[in-house]
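Let me begin by presenting the structure, written as structure tokens, before commenting on it.
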Amino acid sequence: MMASFAPCVAPPHHGEGRAAGRWRFLGAWLLAAGSLLAASSDACVLPPPFEAMDPVNPKPYYQIGETVEYRCKKGYILMPIFLMVSTCEKNHSWVPITDDGCLKMKCTYLNPPVNGRIEYINGTHTWGDQARFTCVPGFYLVGTERIYCELKGNKVLWSDKIPKCEKVSCAPPPKIKNGKYTFSDVQVFQYFEAVTYSCDDVPGPDKLSLVGNEVLYCAGQEVWSSAAPECRVVKCPFPVLKNGRQIAGFGKTFLYQATVVFECIPGYYLNGSDKIVCGSDNAWEPPIPECLKGPKPTHPTKPPVHNYPGYPNPSEGLFDQELNAWIIILIILIAVVGLALLVLLMQRLFQDQKSQQTETTDKKKDPPSALPPWLRDLRAKILRKPAER
């Protein structure tokens, strides 16, 4: 790490009481005097400070050519190959050096616990860093989750020992009144092992219902996935829908989680849910609907979102998409038909031209056939006379 080499003054030491105040004043006066002397003579002020090293026996000022030796601060170790000496030069500055040769001390490398993991938060384990421990699923951490690499005197040590990862287990789940669960003879349940609850058959007109989760599993150390259910009588009143009728879920009594489905008679429409369920508080969920006279409204009482300013109409967008699709299909059909007609026309022209060329060739091969008979005889006589001579 490079340091600034501008002239600087060492900060005064802090103390307590009047004596400390006197020493601070005296030290400040000496430093000020040294700085003035350095400014008015050929000298350097205090050598530059570093994060990892300090000058040995510093003085208020140094003559040109004088050297200062550095040593690593507490918590750092020296790499021998690095230069730890700087010299006061003629321009009243110090020869540049760095504290890269002082390395921060490291704590011992830690191995992760069995069935666990370790994470070095800053990616290193030098003093000031921390390590975090976690366990794989099915195990829980016993000990400190985070430990710190601390500087203690001239040593660096971890703040605590490595934790352990123990196997997750659960004590038996809670017992319930008028009910039981499977594997009731097991004393220790391992991670993710499950039990199933059920209710006892008790005398009386109404059956007990299991209210809550039927299955519980060991989700963590001594932690079950949910609270235990309970066995109690849950009975909802007989559902009656005026101007309507029940179409499913018939029964004489309606116990926990019984389901009923309704519809309205002609001339009425259903206002509410057509399906209701008997809840744990002996009431229907949602409440029994009602049948209102007249046709069912086709428009919502509250305008849909797209009817507000700034929102597009989805029906118009759908129509535009369909229209665009038909236009594209029509253009493609016209292009195909036009191309076919063009090919047929070119083929017809080619055939006509070829026919004309054939007739012309035939005429050139047999020109006399086109002459009258008397003209052909005259021609023959004229051609014969030179041959007789």
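Every residue gets a Cβ built from N, Cα and C, even glycine.
What TrEMBL says about a protein is an automatic prediction, not a curated fact.
Note that the structure is predicted; figures quoted are calculated from it, not measured.
Taken straight from TrEMBL:
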type	residues	note
DISULFID	C264-C291	disulfide bond
DOMAIN	42-104	domain 'Sushi'
DOMAIN	105-167	domain 'Sushi'
DOMAIN	168-233	domain 'Sushi'
DOMAIN	234-293	domain 'Sushi'
REGION	355-374	region 'Disordered'
SIGNAL	1-38	signal peptide
TRANSMEM	323-345	transmembrane segment
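Taking H, G and I as helix, E and B as strand and the rest as coil, DSSP gives the domain 'Sushi' (42-104) the counts 0 helix, 25 strand, 38 coil. With DSSP classes pooled into helix, strand and coil, the tally for the domain 'Sushi' (168-233) is 0 helix, 27 strand, 39 coil. For the domain 'Sushi' (105-167), residue counts in helix, strand and coil come to 0 helix, 32 strand, 31 coil, using DSSP. Helix, strand and coil content of the domain 'Sushi' (234-293), in residues and according to DSSP, is 0 helix, 29 strand, 31 coil. Residue density at C264 (disulfide bond): 21 other Cβ atoms are found within 10 A of its Cβ, drawing on all protein chains shown. Close to C291 (disulfide bond) in the fold, though at least 6 residues off in sequence, lie L241, K242, N243, G244, C264, I265, Y268, Y269, L270, N271, each with a CB less than 8 Å from its CB.
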